[in-house]
Amino acid sequence: MIRLPIAIALVSMAALAYQLLLMRWLAIAHWHSFAVVIISLALLGHGASGTWLSLFQGVARKRFDIAFPACALLFTATAVAMLWLVWAIPFNGLELVWNPRQWLWLGALYLALALPFGFAASCFGLAFARHGGHIPMLYGADLLGAGLGALAAIALQWLPVEHGLLLALCCGPLAAVVAAARRQWRWVLPAALVTSLLLPGHVPAPQVNEYKGLSTTRLLPDTSVLVTRNGPYGRLDVLESPRVPLRHAPGLSLANVDEPSPQLGVFTDGDGLSVIVRDDGDAESLAWSGRMTSALPYRLKQAPTVLVLGAGGGMEVLQALALGARTVDAVELDPGRVRLVRDDFADFAGHLYHDPRVRLHVAEPRAFARADRQHYDVVVLAGAESFAAGGAGVLAASEQYALTVGAIREYLARLAPGGVLVATRWSQQPPRAELRLFATMIEALRAEGVDDPQSRLTVLRNWDASTLLVKRDRFESDELAAIRGFAQEYGFDPPHLPGSASDETGHHHFGERDWLREGTQALLSTEADAFLRDYKFAISPVSDDMPYFGDFFRWRSLPELWRLREQGSAVLLDSGTLLLFGALAQAVPLSLLLVLLPLWALPRGGAGAGGGAGMDGADVALPRLRAGGYFFLLGLAFMLIEIASLSRLTLLVGHPLPAVAVGLGGFLLFAGAGSLAVQCLLVRMSPMRMTRWAVLAIALGLGWQFTVFATTHSIGASWPVAARALAGLIGIAPLAFAMGMPFPLGLARLARDAPAFVPWAWGINGCASVVAAIGALLLAMAIGLCMTLLVALALYVVAAWLWREGVGRSR
């Protein structure tokens with residue numbers, strides 16, 4: 001029996017590594033939010049596997065020795081074949097809000113990708129149906145393999161994504177060989193060998209969407225990609241455009257007469273442009289950097305100490321040095337990006353990161369600010385999102401812990417007396433990101449005990465960007481005079497300037513209505529709550545519990561924006577949020593179809609297929625409803641807790657890689673251990689009683705997670721990343737262990753009393769996971785991560801209640 005659990009673990013490892021790497025593949029080809037939705041819907045293949053196994057389980061059981069290795073091999077083959085099909089489908093997510101055809105292409109994408117996931121899930125369903133007495137052990141092997149697959153996917157992120165996919169898929173043929181009976185080796189071994197030999201060279205590289213920054217910039221003549229680097233934070237492409245020079249300078253004054261320095265564009269996953277600016281040592285060649293809105297703090301501070309959070313290609317670091325900074329602490333998360341500036345293009349960048357005035361820190365910016373004990377005259381929150389992605393709402397469901405009230409408070413704590421925090425955002429009409437950041441800064445000041453935030457804030461605007469400044473103390477009169485002089489000299493507008501009359505705050509860069517000035521004034525007035533409630537977009541302050549800074553969507557604005565979409569308002573529709581709702585609207589009916597379809601073929605009483613007593617009772621609809629509801633609720637609850645816990649771990653650990661390793665790999669490994677424990681405990685305790693204890697343990701585990709996370713966040717700010725990751729693992733381990741129990745307990749009871757329903761229950765759980773993967777994001781965006789966890793706990797309680805009398809005989 002040992003070979004089958006190993007084979008299951010190998011398939012599970014390959015499937016989850018493939019899932020995570022495929023998400024990277026799709027994120028490069030499209031955008032991350034589209035990748036999440038496509039993968040989530042593709043996992044309907046799990047539900048489809050339960051459906052076909054329910055319909056053909058007699059043949060599947062009899063032919064298990066053939067079916068299992070065949071499904072493992074078909075998973076690998078279709079995983080590669082479908083990538084080529086996906087590569088050829090002309091899907092463009094930015095057109096979803098105005099081009100209905102794109103919804104058809106989206107459907108084609110996830111239907112194509114559902115096929116390999118369906119074959120992988122069929123391996124598990126076949127094993128559960130054939131070996132019902134060992135379900136906890138087999139399910140535990142599934143979870144343990146998935147946990148290892150998550151860790152393997154992280155390690156493979158340093159390779160080109162197509163190479164990582166190739167290595168992950170090699171586990172499929174290996175699983176087929178391990179699972180095959182000796183009499184099947186005559187065909188399994190050659191098939192596995194051929195499949196493995198065909199993998200190299202046949203996994204396609206992702207093709208970057210034509211509307212991403214890299215693709216549009218490459219339309220310029222004589223452009224070339226100098227370097228491509230792969231890493232867990234994205235694929236970095238360094239682009240040179242000698243004939244039509246790159247000019248990335250957000251907030252550059254129209255009065256500037258000096259040509260900006262030559263630049264190299266650095267694109268992350270084909271978008272998210274940052275630049276490496278050439279520094280030839282001539283201070284005059286960088287004079288243009290003093291004519292950007294982001295140069296304002298250097299007019300207020302002489303020879304300041306500067307902290308740059310999110311240094312990227314180093315543009316903000318170079319600007320600080322050019323404008324007289326005494327020292328600059330540059331913080332950048334991605335070591336690959338650091339190597340580009342420090343090593344690969346050090347000569348071009350003027351050896352920026354070797355300058356004795358610069359101290360380089362490879363760390364997550366917010367975690368660095370939380371742990372740091374130094375104080376700075378200027379703190380720069382660098383890095384604006386892609387204009388295309390941000391404008392289209394692609395970032396709506398992306399967590400941005402760097403822009404929450406808690407984050408702003410931690411940045412303010414790094415300011416020296418009189419210091420200033422500065423952030424620059426792309427301008428939008430009507431304004432969204434600028435007003436949300438302004439509102440978040442107001443809330444952060446009030447949380448610090450400031451009762452007059454209007455005196456601590458100022459905004460400076462150009463035609464393309466807005467720079468927000470915030471101080472812990474009031475702006476002094478000489479500082480206000482310097483701001484006015486800077487604005488007048490370079491033609492900037494100050495939509496909010498402490499002590500200024502409304503007619504002083506804008507003359508150059510607004511149309512018939514100055515939305516930004518009206519918004520900043522309203523947010524600082526006694527009518528702020530009414531303004532936030534009535535504004536066309538959601539711009540309320542962002543908290544750590546709801547860190548979705550880019551979610552500006554409001555349902556009540558949808559009809560108006562939809563009517564105006566052909567007049568240019570399509571970009572205001574926040575396609576990321578609409579995509580989630582559209583995907584949920586597709587996932588629910590498809591899941592219902594997959595759940596209901598097998599019922600006509602399943603026994604309505606008497607003996608279950610393959611033996612057993614069947615679902616007894618005069619009214620078999622009630623046991624079916626309870627059984628189906630039990631497994632559906634388990635699928636929902638498990639995924640809700642896993643996704644919400646992973647998000648909270650990202651903030652706690654302060655580094656995405658160990659957070660994913662703990663939150664996904666560690667979570668699944670401990671859940672697998674819980675399932676294996678069920679196999680041992682079933683001989684001592686009835687499944688029904690053990691289920692009640694498991695749900696109680698989940699409730700206690702959730703309370704333990706809240707306690708550990710809160711304690712670590714309050715006292716562990718200065719801990720190293722490894723210590724915070726260990727604390728996170730300690731926080732989720734008991735919860736994950738308990739969550740690994742209810743599902744195999746339910747399947748074990750079905751295998752005993754109604755074995756024909758085991759594949760059906762497996763499919764229901766898979767469908768629920770798809771719905772929950774999308775629903776978890778929408779729920780967290782609506783009610784927050786903590787409430788999402790409590791909703792999941794309630795689902796576990798209801799699931800236990802549904803089966804309080806058991807299915808079939810009770811012990």
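For all residues, glycine too, the Cβ spot is worked out from N, Cα and C.
Annotated features in TrEMBL:
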TRANSMEM  33-55  transmembrane segment
TRANSMEM  67-91  transmembrane segment
TRANSMEM  103-129  transmembrane segment
TRANSMEM  141-159  transmembrane segment
TRANSMEM  578-602  transmembrane segment
TRANSMEM  630-653  transmembrane segment
TRANSMEM  659-682  transmembrane segment
TRANSMEM  694-715  transmembrane segment
TRANSMEM  721-745  transmembrane segment
TRANSMEM  757-776  transmembrane segment
TRANSMEM  782-803  transmembrane segment
Positions on the same chain near the transmembrane segment (757-776), where near means CB under 8 A and six or more residues out:
36-37, 40-41, 43-51, 53-54, 57, 60, 121, 124-125, 128-129, 132, 135, 580, 583-584, 587-588, 590-591, 594-595, 598-599, 602, 608, 615, 624, 627-628, 631-640, 643-644, 743, 746-747, 750-751, 788
Proximity of the transmembrane segment (103-129) to the transmembrane segment (33-55), 3+ C-beta pairs under 8 angstroms:
yes
Chain residues in Cβ proximity to the transmembrane segment (694-715) (below 8 Å; excluding those fewer than six residues from its ends, i.e. six or more beyond)
641, 645, 648, 651-652, 724, 727-728, 730-732, 734-739, 741-742, 745, 786, 789-790, 793, 796-797, 799-800
Are there residues at least six beyond either end of the transmembrane segment (33-55) with Cβ under 8 Å to its Cβ atoms? List them, or say none.
19, 22-27, 91, 93, 106, 109-110, 112-122, 124-126, 129, 394-398, 576, 579-580, 583, 586-587, 590-591, 594-595, 597-598, 601-602, 756-757, 759-767, 769-770, 773-774, 777
Contact set, same chain, for the transmembrane segment (721-745): CB under 8 Å, 6 or more residues outside the stretch:
135-136, 139-140, 143, 367, 631, 634, 638, 641, 645, 649, 652-655, 658-659, 661-663, 666-675, 677-679, 682, 687, 690-691, 694-695, 697-698, 700-702, 704-705, 707-709, 712, 765, 796, 799-800
